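K.L.:
Take this structure first; my questions come after.
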Amino acid sequence: MKTLFKFKFEILFFVLFLLSRMPFIGQESFNTDVWKWKARIYDFGSGVFNLDFQKTLQKYHPGVTLMWVGTAAVKVEGMYCAIIKCPNESVDPVGAVFALDFFQKLGVVSAIGLILTFAFYPIRKLFGKKYAFVAFTLISFEPFFYALSRVIHLEGLMTAFLLASFAWTFYHLETTKGKALTAGLVLSAIFAALGALTKSSALYIVPFVLLTILYYFRRQLVAAVKVGAFWLLVFVATYVVTWPSMWVQPLKTLDYVLIRGIKETGVEGRHEQIFMGKYTEDPGPFYYIVVGAYRFSPVLLAGILLSLILYKNVLPHFESTKFNRFFVLVLVFALGYLLEITIPTKKLDRYILPALVFLCLNAGFVVTWLLFVVVPKYTARYIKITPAYAPIGVFSLAVLAMGYQTLKLTPDYFAYYNPLAGGLPTGIYALEPKWLIGQGPITEYFANLMANQGLSAFATGESFDNQQNLSNKLTVAFPEKYYTQIWPFIRRIGAWATIEDLTPNALRTRYFVYPVWDDYSSTETRFPLKYINAIYLDGVKLYNVYERTNQQN
């Protein structure tokens, strides 16, 4: 109990983080890559348990930690369903899809929460519990991180590992002056390796840590080499031990990750998307400035700006030398990472996540100063309230406000665009939603349509292909990239979704849905389409609904 009490603040943070991600978990969304990752998780798990370790090389990303978490979640689901009844895949295949998604997302959320908790401890020890809670609250409730920390994908996990590695690196160098080879240094290397095993872009942490060590030992070159070599040894050992593919085919594995993953796909690869209302394969060097303007919250943007403007005011209220080094290193890390992801032609908004989270650390300093220095000073002067209670009250209100905003976005958390930049109505045209938003309104619209028209649901065993007459069923087509993210929701209401450019299916489908930011229905030449309605989210028009007028069912 004494040991647990020692980590009471870390435990509190972990519990709060976990609870904040529970609403709608496993019921809210499926991202465009989730089916690929579920298949990779299955193959990875098969390779591990059948000792066929070559199968653990699934993708150049490489996504190893995500596949470990996903595999563990499958096992947990199996144990849970052995005791408590779960959807039977042969009877309720869609229910089984949602059940597995719940366990795998819960695994990802728990893993990210645990990693952040490991990062919380050294930050608390260095700068106190007030700053730690403020900074990690900013991180936890920042809308874009909130969204990416509860999906089956790489950025949330990778970012958490990078933050933990950075925190333990700084803690080690500050508390031991780097001379001892401590557990903190080991943890830093382990988290860095796990980050690189999640996504290769996390390899950025390697030169960053080594250069940071060199900076701390700039007058002791031998000590710098000793500490840096030890860190690198632990990093390599973790990378090898944690990835079974490295045990049996190390050269092929590294070639696949470093050459195909980084050079051919990451640097030279392209990705078509809508940016500022136009299709492009390379949105240019200012892409991530636009992403920051739309994806960062006003609180974070204000915090970043004020942390730079009020730097000298904030400095005296923390241990100045330590604060100065930390602040600068965080800024260097964020700017360096932004440079790394700006160089390749392939750019996506979610790639900015590590920079976002690190900038929350610097914003946390000025917010802590405002809450615990400025607020008590002025409340004591103008309001009859005990100064000590004022910052607690303001912080609580701020947390409630951020929590309300974040939970209000759930389950459409990817629909968040900075209101100062125009919000959702403007954001969908500036940065195309690559991951579907508005699953709830889409599902509700077609469920109501089924009820109003008295259409029958697809029964167990019935499918689009084995039904000759579909006139009494609801069928709806989507662009392929959105079909993969919506079909389970459509199937769950008894309707059937298909891909709009599959002509044999499209000729038998009644309704067609196109996003307003990419509505190419006017180019349809296979059959006439008639506009019938629109689907909205929070009053914003997102999708146009069309009906095929030459019904042949």
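Cβ coordinates are placed from backbone N, Cα and C, and glycine is handled just like the others.
Since this is a predicted model, take the numbers as computed values, not measurements.
Feature table excerpt (TrEMBL):
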DOMAIN    121-247  domain 'ArnT-like N-terminal'
TRANSMEM  102-123  transmembrane segment
TRANSMEM  154-173  transmembrane segment
TRANSMEM  229-248  transmembrane segment
TRANSMEM  286-311  transmembrane segment
TRANSMEM  323-339  transmembrane segment
TRANSMEM  351-375  transmembrane segment
TRANSMEM  387-407  transmembrane segment
K.L.:
State the non-local partners of the transmembrane segment (229-248) in its own chain: residues 6+ outside its ends, Cβ under 8 Å from one of its Cβ atoms.
P.N.:
47-48, 53-54, 56-57, 62, 64-65, 68, 181, 185-186, 188-190, 192-194, 196-197, 206, 209-210, 213, 254
K.L.:
Under an 8 Å Cβ to Cβ limit, what residues of the same chain, 6 or more beyond the ends of the transmembrane segment (102-123), are close to it?
P.N.:
7, 9-11, 13-14, 17-18, 21, 25-27, 38, 41, 65-66, 69-70, 72-74, 76-77, 80, 131-132, 135-136, 139-140, 149-152, 156-157, 160-161, 163-164, 166-168, 170-171, 184, 187, 191, 361
K.L.:
Which residue counts does DSSP give the domain 'ArnT-like N-terminal' (121-247) for helix, strand and coil?
P.N.:
105 helix, 1 strand, 21 coil
